[in-house]
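Colleague: One structure follows; several queries about it will come next.
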Amino acid sequence: MTKESVSAVVLAGGGSTRMGQNKALLQLGDKTMIERIIEGLKPLFNEIIVITNHPEEYPMIKDILFVKDEMKLEEKNSLVGIYTGLLAAKNPYAFIVPCDMPFLDQNLIQHMLQQLEGEDIVIPFIEGHYQPLHAIYGKGCIEPIKELLEKRRYKITSFFGQVKIKTIDEETIMRFSKDMKCFLNVNTYDAYLKIQEDWK
């Protein structure tokens, strides 16, 4: 698939309960984490969308579409962000990534884009587990996701049995990212402190 077929969607839900602040706005060198992520996505996609209910927190980000969650739910979950991103995307597919994954590998993402041949999802599969927040979803996923959300079921993989999936195996992933660092989530303040050296 070409960059004209796939949008990029960054899930930036807001404050992290584990960190007590918005992870997307943590500084990595002279830029915020979300700026680093967008910087990595720009060469690969002709549309980048940030899903957040607080777009006013990102004045430093220009020329990017900000979209608020399509459904107002009491429980915080990533599934509604995927749903919102797919609805907002001008392209038939969207690469979904969270705001706390700053070591994205452009070559791996490019490989995933090249594997897309009409499937509903292209997704890494590591140690017996899907990586649903580093995956490409098609608009064919919208209705199955909507049905889950209406039932207040938020596990992303719950609808996978209803759609066509292509997996990217570990051996392939390791050709691009031997240490799998591209899947590293900065979930805690300790994890954030550990990666500071990478941006000095």
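Residue numbering: from 1, along the chain as shown.
Using N, Cα and C of the backbone, Cβ positions are placed for all residues, glycine too.
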Colleague: Of the residues D63, D69, D120, only one is listed by TrEMBL in the GTP site with L11, A12, G13, K23, D100. Which is it?
Modeller: D69
Colleague: When you look at L11, A12, G13, K23, D69, D100, which the record names as binding GTP, what is the longest CA to CA distance in angstrom?
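Modeller: Largest Cα to Cα distance for the GTP-binding set is 18 Å.
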Colleague: Fewest other C-beta atoms within 10 angstroms of its own C-beta: which of the binding-site residues L11, A12 fits that?
Modeller: L11
Colleague: When you measure from the Cβ of D69 (GTP binding site), which residues in the chain that are at least 6 apart have a Cβ under 8 Å away?
Modeller: I51, N53, V80, G81, T84
